[in-house]
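Each remark here refers to the structure printed beneath this line.
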Amino acid sequence: MGILGLSKLIADLAPLAIRESEIKNFFGRKVAIDASMCLYQFLIAVRSEGAQLATVNGDPTSHLMGMFYRTIRLLDNGIKPVYVFDGKPPDLKAGELAKRAERREEAEKALKVATDAGDEAEIEKFNRRLVRVTKEHSNEAKELLKLMGVPYVDAPCEAEAQCAALVKAGKVYATATEDMDALTFGSCKLLRYLTYSEARKMPVKEFSYDKVLQGLELTSKEFIDLCILMGCDYCDSIKGIGPKRAIELIKTYRDIETILENIDTSKYIVPENWNYQRARELFVEPEVTDASTIDLKWTAPDEDGLVQFLCGDRQFNEERVRNGARKLLKSKQSQTQVRLDSFFKALPSSPNATAAAKRKAEEIKKSANNKKAKTSGGSGAARGRRPK
């Protein structure tokens, strides 16, 4: 789930923290990728006539097709990916996982109704909602990555937290995921849409953690409390408090404890036994493997091994697999090239550019404040409605 409404809040109040780029602009970068998020995307998106790709026995192969060709695309663009797989979820995530299970049950019932009615569009919609990444999917992806010569890391707990640890240790440049909580874990850079298909023509969105804090005018601890207030995977949020109200409260009171002492609890309903302190601990000190002990190596692909793994029962086209393997080898041989900016120290922004950017941010904030003033007579419930 990530953090509810965080990307929009940053876009509104800290626009300078976001930069859109083409994938080729990340040439020479090492990037830690949330593997489970990728596999889910591939199972959803890589389809033929609305259905997942599968073997004659019905075993899905969409995740392998997506992993193989999207990884080749990254390497073709000079990016060195390392995939990070989820470990055991923290106990505090049990509530969120239970909610997901309930939504799956609802989707299964809706799918049955759609199937009985013969509604193809609804059938496809609810089939997509029932997609989940299994341990078998992950194990197959790991085997594929080994054969491709691409490193992966098994996180002891949350993949986003392990990605953030790799970034903070300087092992990689950024975390690539669609979950915004990578920023809450302190990833210096977050990349969204990096593993999207080329056909979607989505520019990569790069979020800079330092600029997020600067634009929102928060410390790292205050930012974590903001994310908890907005809604995270580890605990419920206070009913009636949406993103804009959450940041107003954090800026006024600076932490959740002081907010709880000052808000009207008849208007804002605090969850019973609200475990926000434990959620905060999970963001501040997540369970991760020490990045200094992780050795990342990109090696030559095993062409024959790839053919054996992907062709045959999985029915991949052998010629295409061998062509893919040759592309992998070519990218491996060209990895000696480095980014030009690694030789130079970055110059500070010019005063004119900095001033113009600051004016833009102030205009956005002023516009948001004007809207708030016009709607201040509305009910707290309306202001606290969660974005979809």
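Every residue gets a Cβ built from N, Cα and C, even glycine.
Per Swiss-Prot, region 'N-domain' is recorded for 1-104. In this model, the region 'N-domain' (1-104) carries an average pLDDT of 90.
If you take the C-beta of GLU160 (Mg(2+) 1 binding site) and look for same-chain residues 6 or more apart in sequence within under 8 angstroms, you find ASP34, THR175, THR177, ASP179, ASP181, ALA182, PHE185, SER187. Annotated Mg(2+) 1 binding site per Swiss-Prot: ASP34, ASP86, GLU158, GLU160, in sequence order.
The DNA binding site feature in Swiss-Prot is assigned to ARG47, ARG70, GLU158, GLY231, ASP233. Annotation note: ASP233 (DNA binding site) sits in a coil segment as assigned by DSSP. Around ASP233 (DNA binding site), a 10 Å sphere centred on its CB holds 22 further CB atoms from the protein chains shown.
What Swiss-Prot lists as region 'I-domain' is 122-253. Remark: secondary structure over the region 'I-domain' (122-253) totals 69 helix, 16 strand, 47 coil, with classes taken from DSSP.
Annotated Mg(2+) 2 binding site per Swiss-Prot: ASP179, ASP181, ASP233, in sequence order, evidence recorded as sequence analysis. In the structure as shown, the Cβ atom of ASP179 (Mg(2+) 2 binding site) sits within 10 Å of 23 other Cβ atoms.
According to Swiss-Prot, the region 'Interaction with PCNA' annotation covers 336-344.
Positions annotated as region 'Disordered' by Swiss-Prot: 351-388.
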Tell me the Cα distance separating GLU158 (Mg(2+) 1 binding site) from ARG70 (DNA binding site), rounded to the nearest angstrom. 23
Between ASP34, ASP86, GLU158, ASP181, which of the binding-site residues has the fewest other CB atoms within 10 angstroms in the structure shown? ASP86
So if I draw a 10 Å sphere around the Cβ of GLY231 (DNA binding site), how many other Cβ atoms end up inside it? 23
Which are the residues of the chain, ASP34, ASP86, GLU158, GLU160 excluded, whose CB is within 8 A of where the CB atoms of the Mg(2+) 1 site average out, their centroid? SER36, MET37, VAL84, ALA155, ALA159, ALA161, GLN162, CYS163, THR177, ASP179, ALA182
If you measure between the CA atoms of ASP86 (Mg(2+) 1 binding site) and GLY231 (DNA binding site) and round to the nearest Å, you get 21
Write out how many residues of the region 'N-domain' (1-104) are helix, how many strand and how many coil, based on DSSP. 55 helix, 21 strand, 28 coil
